[in-house]
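Quick notes on the structure that follows.
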Amino acid sequence: MTQLLYHSTRGGGNPVTASEAILQGIAADGGLYVPQSVPQIDLSLDRLAELNYHQLAYEILRLYLTDYSEEELRRAIGRAYDEKFTTPEIAPLQKQAGVHFLELFHGPTLAFKDMALSILPHLLQIAVKKAGLGKEVVILTATSGDTGKAALEGFAGVDGTRIIVFFPEHGVSQVQKKQMVTQTGENTYVVGIEGNFDDAQSGVKAMFTDKKLLSAMDKNGFAFSSANSINIGRLVPQVVYYFHAYLTLVSRGEIKSGEEINFSVPTGNFGNILAGHYAKQMGLPIGKLICASNKNKVLFDFFSSGTYDRKREFFVTMSPSMDILISSNLERLLYHISGQSPGIVSDLMANLADTGQYRLPENMQKSLTDFVGGYATEEETAQAIRQVLESSDYLMDPHTAVAYSVWQKYRGEADDQTPTVVVSTASPYKFSKDVLTAIDAKFADYDDFALFKEVDKLSAGPIPQAIKDLQTKPVQHKRVCQKDEMRAIVENILGI
Ligand SMILES: N[C@@H](CCOP(=O)(O)O)C(=O)O
């Protein structure tokens, strides 16, 4: 098979192999690695429909990670998708309320991030060996709630790595925070910041291109990588579940092979939905990718107007993982729809950095037809939770509820009856208080932990083992910093 190489969206440096891109996390010029071309599936959908999740993952991953051997990939897949997932299906599909929910929260941390962060540490360790790196890899991670815990779980105790997670001290759910600050493992560091996710992500990205810091890291035997979806090693495993959802519908006779379906995806950093876009580009029959935002509707405005404008009020919502105004992965989409022009992407990104906004040229705007933007207010999100519980006895978390609400509005407005998969990104247990308050205001007086039993009563399945004893677990991490202290914290942790 010919080698698939990866380029920086901003054109700097030479193309790199998949393992090099995964190891670096982000390109040296601050751009994101993108495949030089999106590979095409080389097996028929009918043949793919015969495969289980592991086999399917191999068939997708081998097309992107061409410098990994078959044995390396199969072993990594086997170790990633094992009994850490509470269902052998890995990503079950539930037909409820006129739609299909793709449940991606049956992994160890109860969020879709497990789908990629269970395998990324294995891919990274292989990459370290291939590169003969001889350095400790420091995984710098910014989180708005879910990535952080999934990354900690994936990298805790992994030889040759340290993981440092920055999260908004006042912008995640109680369960999300407790999941992170109780993380054990000598190579794990968790730091709250007095700022929002965008501050955390910008601080992390700046460190990746900070020459002085990089030189100090190098001298002391460290190298950075990333567990965020800016790392292509996060995105590729996410492509798999789009295929899995489609093929499950074919196997169940819900659709005919080749028929188009839509996906409604709750999105903040644009990584999840971009993985769906790659699946479509690979040949999966996807009609619309519905990009569902919460009250922080920067992506909705972008798709409606062609202008990206992050200069606006930032809201803390009941879907905190999507409280994001700088959607990193949009840069990759811009690269693809610009005809792979690093010059255009660099200009747009420079505008974003300098003025907080950019406007797409007309021809690029016309290339956005795969996507439909929509958003749900807090009240619409709560209403969706109530409505689906009442009609179908099915309990959604607030992120999933955003995607459901946006899909409903889109279907009505566009009169589009295409079978649809709502990507269900987190367990309702992670947001017990908000979920239950959406149903009955009396629950607003309780905390997340006190309400696990109530969630259990509402057919969400038994309280997951992963969070059963969370409330009483000892706190391991107490660091909190200002947003301009992130670099100093990293230097302190590494002793450089
Ligand atoms: N929703 C995320 C924010 C970071 O996104 P990522 O997909 O780039 O890791 C979170 O929960 O942290």
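All positions are counted from 1 along the displayed chain.
Cβ from N, Cα, C; glycine included.
According to TrEMBL, the feature domain 'Threonine synthase N-terminal' maps to 6-81.
If you look up TrEMBL, you'll see 95-425 marked as domain 'Tryptophan synthase beta chain-like PALP'.
Look at TrEMBL and you will find Lys113 tagged as N6-(pyridoxal phosphate)lysine. Cβ contacts within 10 Å of Lys113 (N6-(pyridoxal phosphate)lysine), excluding its own Cβ and spanning all protein chains shown: 33.
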Assigned conformation of Lys113 (N6-(pyridoxal phosphate)lysine) - DSSP reduced to three states: coil
Composition by DSSP (helix, strand, coil) of residues within the domain 'Threonine synthase N-terminal' (6-81): 34 helix, 7 strand, 35 coil
